[in-house]
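Working notes, beginning with the structure itself.
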Ligand SMILES: N[C@@H]1[C@@H](O)[C@H](O)[C@@H](COP(=O)(O)O)O[C@@H]1O
């Protein structure tokens, strides 16, 4: 796992966006794995800026999002579908039929999970997966304790995750209790992974990731075994880590 140390959120977003843009330019048919949450919004803004100025084309790009809440319709402002349309998709020329987000509104959720896995496989897997991290080490919505072998599945959200995400809702009771997420195995199979970590709220997670063992009780730790994973982390996130250079 390679670490790129950057100054702040802005620089993290620019670095990641530049990386993604280059990939898209070199491989126009790229399959991108996309993330939601506060962390990647800056990257998406940079992609939109670049699209306006340089017209980088996403016409042949396919995307798969990591996760979706169960019970939130597409037009619910807190659904990840809505987030992706507003924060990225409607601003670039990606074809709506090439974008994939699991549906949390289907009655047969197991079928949704199976179909999602098959679609990723049919596509030849994910070329570049963008990730954020939860303070408890979750990636996607894979909470601590999730098997490293898990494929796309339904999860019960940890109370700490619901609390962290409550900032987007009117009250915590409105935060769904369940979600669909790509599994750790699904994420791990991506050819390349870009994990973004910013801010002092993520200091503990950052330190555990770098200094701790690879364990299912800290899902992101599996990334240390990935052959092509890069972390872009800012100074605040890295404050608790001694000897960052050891990991570069
Ligand atoms: N499911 C998402 C994750 O994909 C995200 O990485 C994480 C961190 O969010 P944030 O970037 O807002 O800190 O929380 C959410 O629960």
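Cβ coordinates come from backbone N, Cα and C, glycine included.
Where the annotation comes from TrEMBL, it is an automatic prediction and has not been curated.
Feature annotations, reproduced from TrEMBL:
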- 10-228: domain 'Glucosamine/galactosamine-6-phosphate isomerase' (DOMAIN)
- 67: active site, proton acceptor (ACT_SITE)
- 136: active site, for ring-opening step (ACT_SITE)
- 138: active site, proton acceptor (ACT_SITE)
- 143: active site, for ring-opening step (ACT_SITE)
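TrEMBL feature annotations superimposed on the structure.
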residue : record                             : DSSP (3 states)
67      : active site, proton acceptor       : strand
136     : active site, for ring-opening step : coil
143     : active site, for ring-opening step : coil
From 67, 136, 143, which active-site residues have a C-beta atom under 6 Å away from some atom of ligand 1?
67
What is the Cβ neighbour count of residue 143 (active site, for ring-opening step) at a 10 Å cut-off, with all protein chains included?
21
Hey, which of the active-site residues 67, 136, 138 is the loneliest by Cβ count within 10 Å?
136
